[in-house]
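J.: Questions regarding the structure given below will be posed in turn.
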(Lines of atoms letter the chains of each structure in order from A; the text may use other names.)
(Lines give C-alpha, C1' and ligand atoms only; values in the text may rest on other atoms or scores of the structure.)
Protein backbone atom coordinates (compact mmCIF):
# COMPACT_ATOMS: atom_id res chain seq x y z
CA UNK A 1 0.00 0.00 0.00
CA UNK A 2 2.79 2.44 0.85
CA UNK A 3 4.48 1.79 -2.48
CA UNK A 4 1.26 2.49 -4.31
CA UNK A 5 0.72 5.73 -2.43
CA UNK A 6 4.29 6.87 -3.05
CA UNK A 7 4.00 5.93 -6.73
CA UNK A 8 0.82 7.97 -7.09
CA UNK A 9 2.35 10.88 -5.19
CA UNK A 10 5.32 10.94 -7.51
CA UNK A 11 3.01 10.78 -10.48
CA UNK A 12 0.91 13.73 -9.27
CA UNK A 13 4.05 15.72 -8.49
CA UNK A 14 5.34 15.14 -11.99
CA UNK A 15 1.98 16.13 -13.40
CA UNK A 16 1.85 19.37 -11.41
CA UNK A 17 5.35 20.21 -12.54
CA UNK A 18 4.29 19.79 -16.15
CA UNK A 19 1.28 22.05 -15.57
CA UNK A 20 3.46 24.78 -14.08
CA UNK A 21 5.90 24.74 -16.95
CA UNK A 22 4.00 27.07 -19.38
CA UNK A 23 3.45 29.69 -16.65
CA UNK A 24 7.14 29.77 -15.90
CA UNK A 25 7.97 30.49 -19.53
CA UNK A 26 5.47 33.20 -20.37
CA UNK A 27 8.23 35.37 -21.72
CA UNK A 28 8.90 32.94 -24.53
CA UNK A 29 5.66 31.70 -26.06
CA UNK A 30 7.26 29.58 -28.73
CA UNK A 31 9.42 27.76 -26.17
CA UNK A 32 6.46 26.99 -23.90
CA UNK A 33 4.48 25.69 -26.91
CA UNK A 34 7.20 23.27 -27.98
CA UNK A 35 8.05 22.23 -24.42
CA UNK A 36 4.39 21.30 -24.01
CA UNK A 37 4.76 18.56 -26.64
CA UNK A 38 5.41 15.16 -25.01
CA UNK A 39 8.51 13.37 -26.17
CA UNK A 40 7.72 10.06 -27.74
CA UNK A 41 4.11 9.99 -26.57
CA UNK A 42 1.91 12.24 -28.77
CA UNK A 43 2.42 12.29 -32.54
CA UNK A 44 4.22 15.19 -34.28
CA UNK A 45 0.95 16.67 -35.50
CA UNK A 46 -0.91 16.45 -32.19
CA UNK A 47 -2.08 19.50 -30.21
CA UNK A 48 -1.63 18.97 -26.49
CA UNK A 49 -4.41 20.40 -24.32
CA UNK A 50 -3.48 20.28 -20.65
CA UNK A 51 -5.37 17.65 -18.69
CA UNK A 52 -7.16 16.27 -21.81
CA UNK A 53 -4.63 14.47 -23.97
CA UNK A 54 -2.32 13.08 -21.29
CA UNK A 55 -1.43 9.42 -21.79
CA UNK A 56 0.10 6.82 -19.45
CA UNK A 57 3.29 6.94 -21.48
CA UNK A 58 3.56 10.65 -20.68
CA UNK A 59 3.37 9.94 -16.96
CA UNK A 60 5.98 7.22 -17.16
CA UNK A 61 8.38 9.45 -19.07
CA UNK A 62 7.78 12.62 -17.07
CA UNK A 63 11.05 12.38 -15.23
CA UNK A 64 13.12 12.10 -18.40
CA UNK A 65 10.98 14.66 -20.25
CA UNK A 66 12.09 17.45 -17.93
CA UNK A 67 15.74 16.89 -18.80
CA UNK A 68 15.04 16.66 -22.50
CA UNK A 69 12.98 19.86 -22.25
CA UNK A 70 15.95 21.73 -20.85
CA UNK A 71 18.08 20.60 -23.77
CA UNK A 72 15.39 21.60 -26.25
CA UNK A 73 15.28 25.25 -25.06
CA UNK A 74 18.66 26.38 -26.43
CA UNK A 75 18.06 24.61 -29.74
CA UNK A 76 14.62 26.15 -30.03
CA UNK A 77 15.91 29.62 -29.24
CA UNK A 78 18.55 29.26 -31.93
CA UNK A 79 15.96 28.00 -34.41
CA UNK A 80 13.56 30.87 -33.67
CA UNK A 81 16.31 33.41 -34.19
CA UNK A 82 17.39 31.99 -37.54
CA UNK A 83 16.02 33.81 -40.62
CA UNK A 84 14.80 30.62 -42.28
CA UNK A 85 12.76 29.47 -39.29
CA UNK A 86 9.34 27.95 -39.92
CA UNK A 87 8.02 28.92 -36.49
CA UNK A 88 4.39 29.90 -36.18
CA UNK A 89 3.61 33.52 -36.96
CA UNK A 90 6.77 34.16 -38.97
CA UNK A 91 6.11 35.94 -42.30
CA UNK A 92 6.81 34.00 -45.46
CA UNK A 93 9.20 35.42 -48.08
CA UNK A 94 7.52 38.23 -50.03
CA UNK A 95 7.94 38.41 -53.80
CA UNK A 96 8.80 41.55 -55.77
CA UNK A 97 5.19 42.09 -56.94
CA UNK A 98 3.84 41.95 -53.37
CA UNK A 99 6.69 44.04 -51.98
CA UNK A 100 6.47 46.86 -54.54
CA UNK A 101 2.84 46.98 -55.81
CA UNK A 102 2.99 50.68 -56.73
CA UNK A 103 6.09 50.12 -58.85
CA UNK A 104 4.45 47.21 -60.66
CA UNK A 105 1.28 49.22 -61.30
CA UNK A 106 3.39 52.08 -62.64
CA UNK A 107 5.09 49.62 -64.99
CA UNK A 108 1.67 48.48 -66.24
CA UNK A 109 0.69 52.10 -66.97
CA UNK A 110 3.99 52.76 -68.73
CA UNK A 111 3.68 49.68 -70.95
CA UNK A 112 0.04 50.51 -71.71
CA UNK A 113 1.00 54.02 -72.86
CA UNK A 114 4.14 52.88 -74.65
CA UNK A 115 2.43 50.11 -76.65
CA UNK A 116 -0.50 52.38 -77.50
CA UNK A 117 1.74 55.14 -78.81
CA UNK A 118 3.85 52.67 -80.82
CA UNK A 119 0.72 51.09 -82.27
CA UNK A 120 -0.75 54.42 -83.39
CA UNK A 121 2.51 55.58 -84.96
CA UNK A 122 3.24 52.29 -86.76
CA UNK A 123 -0.39 51.98 -87.84
CA UNK A 124 -0.34 55.43 -89.47
CA UNK A 125 3.00 54.73 -91.17
CA UNK A 126 1.48 51.61 -92.74
CA UNK A 127 -1.47 53.61 -94.04
CA UNK A 128 0.91 56.08 -95.67
CA UNK A 129 2.03 53.35 -98.11
CA UNK A 130 -0.80 50.80 -97.79
CA UNK A 131 -4.18 52.63 -97.45
CA UNK A 132 -6.41 49.60 -96.91
CA UNK A 133 -7.94 49.92 -93.41
CA UNK A 134 -10.36 46.98 -93.72
CA UNK A 135 -7.55 44.54 -94.49
CA UNK A 136 -5.26 46.04 -91.83
CA UNK A 137 -8.07 45.71 -89.27
CA UNK A 138 -8.32 42.02 -90.09
CA UNK A 139 -4.55 41.69 -89.62
CA UNK A 140 -4.78 43.36 -86.20
CA UNK A 141 -7.35 40.82 -85.02
CA UNK A 142 -5.70 37.86 -86.78
CA UNK A 143 -2.35 38.38 -85.06
CA UNK A 144 -4.12 38.76 -81.72
CA UNK A 145 -6.10 35.56 -82.26
CA UNK A 146 -2.92 33.61 -83.14
CA UNK A 147 -1.33 34.99 -79.97
CA UNK A 148 -4.33 33.80 -77.92
CA UNK A 149 -4.30 30.33 -79.51
CA UNK A 150 -0.60 29.91 -78.76
CA UNK A 151 -1.17 31.10 -75.18
CA UNK A 152 -3.96 28.55 -74.76
CA UNK A 153 -1.78 25.80 -76.23
CA UNK A 154 0.91 26.35 -73.57
CA UNK A 155 -1.66 26.84 -70.80
CA UNK A 156 -1.03 30.56 -70.17
CA UNK A 157 -3.85 31.09 -69.44
CA UNK A 158 -5.89 27.91 -69.37
CA UNK A 159 -8.69 28.13 -71.94
CA UNK A 160 -12.13 28.68 -70.45
CA UNK A 161 -14.94 26.58 -71.95
CA UNK A 162 -17.36 28.12 -74.44
CA UNK A 163 -20.99 27.05 -74.88
CA UNK A 164 -23.92 28.15 -77.05
CA UNK A 165 -25.44 30.42 -74.41
CA UNK A 166 -22.15 32.27 -73.82
CA UNK A 167 -21.65 32.61 -77.58
CA UNK A 168 -25.08 34.25 -77.90
CA UNK A 169 -24.15 36.73 -75.19
CA UNK A 170 -20.73 37.56 -76.65
CA UNK A 171 -21.74 37.76 -80.32
CA UNK A 172 -23.32 41.28 -80.21
CA UNK A 173 -20.39 42.49 -78.11
CA UNK A 174 -17.94 41.15 -80.71
CA UNK A 175 -19.93 42.65 -83.61
CA UNK A 176 -19.83 46.11 -82.01
CA UNK A 177 -16.14 45.62 -81.23
CA UNK A 178 -15.44 44.72 -84.88
CA UNK A 179 -17.44 47.66 -86.26
CA UNK A 180 -15.82 50.13 -83.86
CA UNK A 181 -12.35 48.78 -84.64
CA UNK A 182 -12.79 48.93 -88.43
CA UNK A 183 -14.29 52.43 -88.46
CA UNK A 184 -11.50 53.67 -86.17
CA UNK A 185 -8.96 52.43 -88.68
CA UNK A 186 -10.85 54.01 -91.58
CA UNK A 187 -10.59 57.32 -89.71
CA UNK A 188 -6.88 56.77 -88.93
CA UNK A 189 -6.21 56.19 -92.63
CA UNK A 190 -8.22 59.25 -93.74
CA UNK A 191 -7.11 61.97 -91.29
CA UNK A 192 -4.36 62.76 -88.82
CA UNK A 193 -4.06 60.47 -85.78
CA UNK A 194 -4.37 63.46 -83.45
CA UNK A 195 -7.67 64.50 -85.05
CA UNK A 196 -9.16 60.99 -84.82
CA UNK A 197 -8.34 60.82 -81.12
CA UNK A 198 -9.84 64.26 -80.60
CA UNK A 199 -13.12 63.09 -82.16
CA UNK A 200 -13.00 59.87 -80.15
CA UNK A 201 -12.90 62.01 -77.02
CA UNK A 202 -16.68 62.34 -77.60
CA UNK A 203 -17.16 58.68 -76.62
CA UNK A 204 -18.22 59.57 -73.01
CA UNK A 205 -20.96 61.80 -74.45
CA UNK A 206 -22.40 58.88 -76.42
CA UNK A 207 -22.09 56.62 -73.37
CA UNK A 208 -24.05 59.08 -71.25
CA UNK A 209 -26.72 59.51 -73.94
CA UNK A 210 -27.13 55.75 -74.34
CA UNK A 211 -27.39 55.25 -70.59
CA UNK A 212 -30.04 57.97 -70.31
CA UNK A 213 -32.21 57.24 -73.35
CA UNK A 214 -31.62 53.52 -74.05
CA UNK A 215 -30.97 51.94 -70.66
CA UNK A 216 -33.23 54.41 -68.83
CA UNK A 217 -30.61 55.32 -66.25
CA UNK A 218 -30.72 58.74 -64.67
CA UNK A 219 -27.61 60.78 -65.49
CA UNK A 220 -26.90 63.59 -62.99
CA UNK A 221 -26.77 67.13 -64.31
CA UNK A 222 -23.14 67.42 -63.18
CA UNK A 223 -22.13 64.73 -65.68
CA UNK A 224 -23.98 66.44 -68.52
CA UNK A 225 -22.35 69.78 -67.65
CA UNK A 226 -18.89 68.16 -67.64
CA UNK A 227 -19.51 66.96 -71.21
CA UNK A 228 -20.19 70.49 -72.50
CA UNK A 229 -16.47 71.37 -72.86
CA UNK A 230 -15.90 68.05 -74.64
CA UNK A 231 -18.45 68.90 -77.34
CA UNK A 232 -17.18 72.48 -77.55
CA UNK A 233 -13.54 71.42 -77.82
CA UNK A 234 -14.17 68.83 -80.54
CA UNK A 235 -16.23 71.36 -82.51
CA UNK A 236 -13.44 73.95 -82.31
CA UNK A 237 -10.81 71.42 -83.35
CA UNK A 238 -12.88 70.13 -86.27
CA UNK A 239 -13.58 73.55 -87.78
CA UNK A 240 -9.91 74.39 -88.31
CA UNK A 241 -8.32 70.89 -88.64
CA UNK A 242 -6.03 70.98 -91.68
CA UNK A 243 -6.48 67.24 -92.42
CA UNK A 244 -10.26 67.31 -92.01
CA UNK A 245 -12.43 65.23 -94.33
CA UNK A 246 -15.90 63.81 -93.87
CA UNK A 247 -14.85 60.16 -94.24
CA UNK A 248 -12.47 60.43 -91.30
CA UNK A 249 -14.92 62.44 -89.18
CA UNK A 250 -17.97 60.23 -89.78
CA UNK A 251 -15.94 57.03 -89.32
CA UNK A 252 -14.68 58.23 -85.96
CA UNK A 253 -18.23 59.11 -84.90
CA UNK A 254 -19.50 55.66 -85.95
CA UNK A 255 -16.65 54.18 -83.93
CA UNK A 256 -17.86 56.11 -80.86
CA UNK A 257 -21.40 54.81 -81.31
CA UNK A 258 -20.18 51.23 -81.86
CA UNK A 259 -18.07 51.20 -78.73
CA UNK A 260 -20.99 52.69 -76.80
CA UNK A 261 -23.23 49.79 -77.83
CA UNK A 262 -20.37 47.42 -77.03
CA UNK A 263 -20.47 48.74 -73.47
CA UNK A 264 -24.25 48.26 -73.30
CA UNK A 265 -24.09 44.67 -74.54
CA UNK A 266 -21.13 43.95 -72.28
CA UNK A 267 -23.25 44.83 -69.24
CA UNK A 268 -25.91 42.40 -70.44
CA UNK A 269 -23.31 39.71 -71.07
CA UNK A 270 -21.85 39.67 -67.57
CA UNK A 271 -19.95 36.43 -67.03
CA UNK A 272 -17.58 34.90 -64.52
CA UNK A 273 -14.96 34.28 -67.22
CA UNK A 274 -11.62 36.03 -66.66
CA UNK A 275 -10.83 39.08 -68.78
CA UNK A 276 -8.02 37.41 -70.77
CA UNK A 277 -10.22 34.56 -72.02
CA UNK A 278 -13.14 36.91 -72.55
CA UNK A 279 -11.11 39.25 -74.74
CA UNK A 280 -9.71 36.28 -76.67
CA UNK A 281 -13.17 34.97 -77.55
CA UNK A 282 -14.38 38.45 -78.52
CA UNK A 283 -11.33 38.86 -80.80
CA UNK A 284 -12.00 35.49 -82.49
CA UNK A 285 -15.64 36.32 -83.20
CA UNK A 286 -14.75 39.87 -84.32
CA UNK A 287 -12.16 38.47 -86.74
CA UNK A 288 -14.79 36.42 -88.58
CA UNK A 289 -17.08 39.47 -88.65
CA UNK A 290 -14.38 41.66 -90.24
CA UNK A 291 -13.22 39.24 -92.95
CA UNK A 292 -16.27 39.44 -95.33
CA UNK A 293 -16.34 43.28 -95.71
CA UNK A 294 -12.57 43.32 -96.19
CA UNK A 295 -12.84 40.81 -99.03
CA UNK A 296 -15.82 42.54 -100.62
CA UNK A 297 -14.64 46.17 -100.33
CA UNK A 298 -10.87 45.82 -100.73
CA UNK A 299 -10.25 42.31 -102.09
CA UNK A 300 -10.20 43.18 -105.83
CA UNK A 301 -8.00 46.26 -105.28
CA UNK A 302 -5.56 44.32 -103.12
CA UNK A 303 -5.17 41.54 -105.67
CA UNK A 304 -4.84 43.99 -108.56
CA UNK A 305 -2.27 46.46 -107.23
CA UNK A 306 -2.54 46.89 -103.42
CA UNK A 307 -0.05 44.25 -102.33
CA UNK A 308 2.23 44.92 -105.29
CA UNK A 309 2.46 48.67 -104.65
CA UNK A 310 3.24 48.16 -100.95
CA UNK A 311 5.98 45.60 -101.68
CA UNK A 312 7.46 47.90 -104.31
CA UNK A 313 7.60 50.82 -101.86
CA UNK A 314 9.02 49.13 -98.75
CA UNK A 315 9.91 45.56 -99.71
CA UNK A 316 8.27 42.26 -98.83
CA UNK A 317 10.13 41.73 -95.53
CA UNK A 318 9.31 45.16 -94.08
CA UNK A 319 5.71 44.92 -95.28
CA UNK A 320 5.14 41.59 -93.50
CA UNK A 321 7.00 42.57 -90.32
CA UNK A 322 5.12 45.89 -90.10
CA UNK A 323 1.78 44.08 -90.33
CA UNK A 324 2.86 41.51 -87.73
CA UNK A 325 4.11 44.04 -85.19
CA UNK A 326 1.17 46.43 -85.58
CA UNK A 327 -1.16 43.51 -84.87
CA UNK A 328 0.91 42.41 -81.88
CA UNK A 329 1.02 45.94 -80.43
CA UNK A 330 -2.73 46.29 -80.92
CA UNK A 331 -3.50 43.10 -79.00
CA UNK A 332 -0.96 43.70 -76.22
CA UNK A 333 -1.99 47.29 -75.48
CA UNK A 334 -5.65 46.26 -75.25
CA UNK A 335 -4.76 43.36 -72.97
CA UNK A 336 -2.58 45.60 -70.79
CA UNK A 337 -5.39 48.14 -70.54
CA UNK A 338 -7.61 45.38 -69.13
CA UNK A 339 -4.90 44.14 -66.75
CA UNK A 340 -4.26 47.69 -65.52
CA UNK A 341 -7.97 48.16 -64.82
CA UNK A 342 -7.87 45.04 -62.65
CA UNK A 343 -5.02 46.50 -60.54
CA UNK A 344 -6.36 49.99 -59.87
CA UNK A 345 -9.60 51.73 -58.94
CA UNK A 346 -11.91 52.90 -61.77
CA UNK A 347 -11.06 56.53 -60.98
CA UNK A 348 -7.33 55.93 -61.45
CA UNK A 349 -7.96 54.03 -64.66
CA UNK A 350 -10.22 56.78 -66.02
CA UNK A 351 -7.59 59.45 -65.38
CA UNK A 352 -4.96 57.17 -66.91
CA UNK A 353 -7.07 56.70 -70.02
CA UNK A 354 -7.34 60.48 -70.48
CA UNK A 355 -3.58 60.90 -70.07
CA UNK A 356 -3.05 58.10 -72.58
CA UNK A 357 -4.99 60.05 -75.19
CA UNK A 358 -2.88 63.13 -74.45
CA UNK A 359 0.29 61.07 -74.95
CA UNK A 360 -0.95 59.65 -78.26
CA UNK A 361 -1.99 63.05 -79.62
CA UNK A 362 1.27 64.68 -78.53
CA UNK A 363 3.59 61.98 -79.87
CA UNK A 364 1.69 61.69 -83.18
CA UNK A 365 2.09 65.44 -83.78
CA UNK A 366 5.82 65.24 -83.01
CA UNK A 367 6.52 62.09 -85.07
CA UNK A 368 4.50 62.98 -88.16
CA UNK A 369 5.10 66.72 -87.96
CA UNK A 370 1.40 67.49 -88.31
CA UNK A 371 0.73 71.19 -88.42
CA UNK A 372 -2.21 72.28 -86.29
CA UNK A 373 -3.80 75.68 -86.02
CA UNK A 374 -4.02 77.55 -82.73
CA UNK A 375 -7.77 76.99 -82.60
CA UNK A 376 -7.34 73.24 -83.15
CA UNK A 377 -4.80 73.07 -80.35
CA UNK A 378 -7.05 74.99 -77.95
CA UNK A 379 -10.09 72.92 -78.92
CA UNK A 380 -8.19 69.66 -78.37
CA UNK A 381 -7.02 70.85 -74.94
CA UNK A 382 -10.58 71.86 -73.94
CA UNK A 383 -11.97 68.49 -75.11
CA UNK A 384 -9.34 66.49 -73.16
CA UNK A 385 -9.96 68.61 -70.05
CA UNK A 386 -13.70 67.95 -70.34
CA UNK A 387 -13.10 64.20 -70.64
CA UNK A 388 -10.89 64.35 -67.54
CA UNK A 389 -13.60 66.12 -65.52
CA UNK A 390 -16.29 63.72 -66.73
CA UNK A 391 -14.14 60.64 -65.98
CA UNK A 392 -13.35 61.93 -62.50
CA UNK A 393 -17.01 62.62 -61.61
CA UNK A 394 -18.29 59.34 -63.05
CA UNK A 395 -15.60 57.20 -61.41
CA UNK A 396 -16.18 58.89 -58.07
CA UNK A 397 -19.92 58.23 -58.32
CA UNK A 398 -19.26 54.55 -59.09
CA UNK A 399 -16.92 54.30 -56.13
CA UNK A 400 -19.53 55.82 -53.80
CA UNK A 401 -22.15 53.35 -55.05
CA UNK A 402 -19.78 50.45 -54.43
CA UNK A 403 -19.00 51.65 -50.91
CA UNK A 404 -22.72 52.08 -50.17
CA UNK A 405 -23.44 48.50 -51.29
CA UNK A 406 -20.55 47.20 -49.20
CA UNK A 407 -21.82 49.09 -46.13
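Placement of Cβ uses the backbone N, Cα and C atoms for every residue, glycine included.
Keep in mind that TrEMBL annotations are predicted by a computer and have not been checked by a curator.
The transmembrane segment annotation in TrEMBL covers 100-122, 134-154, 169-193, 205-226, 246-265, 277-296, 316-333, 354-370, 376-393. Positions annotated as domain 'Sugar phosphate transporter' by TrEMBL: 104-391.
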J.: Restricting to the same chain and to residues at least six past its boundaries, which positions have a Cβ under 8 Å from a Cβ of the transmembrane segment (246-265)?
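T.: Sequence-distant neighbours of the transmembrane segment (246-265): 172-173, 176-177, 179-181, 183-184, 186-187, 189-191, 195-196, 199-200, 202-203, 205-207, 209-210, 214-215, 238.
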J.: Any chance the transmembrane segment (354-370) and the transmembrane segment (277-296) have 3 or more Cβ pairs under 8 A, given the pairs are 6 or more apart in sequence?
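T.: Contact between the transmembrane segment (354-370) and the transmembrane segment (277-296): absent.
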J.: Quick check for me: are there 3+ Cβ pairs below 8 Å between the transmembrane segment (316-333) and the transmembrane segment (100-122), leaving out pairs under 6 residues apart?
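T.: These two segments touch.
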J.: Looking only at residues six or more beyond either end of the transmembrane segment (134-154), which have a C-beta under 8 A from one in the stretch?
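T.: Residues 123, 126-127, 178, 181-182, 185-186, 189, 280, 283-284, 286-287, 290-291, 293-294, 297-298, 302, 306, 323-324, 326-328, 330-331, 334.
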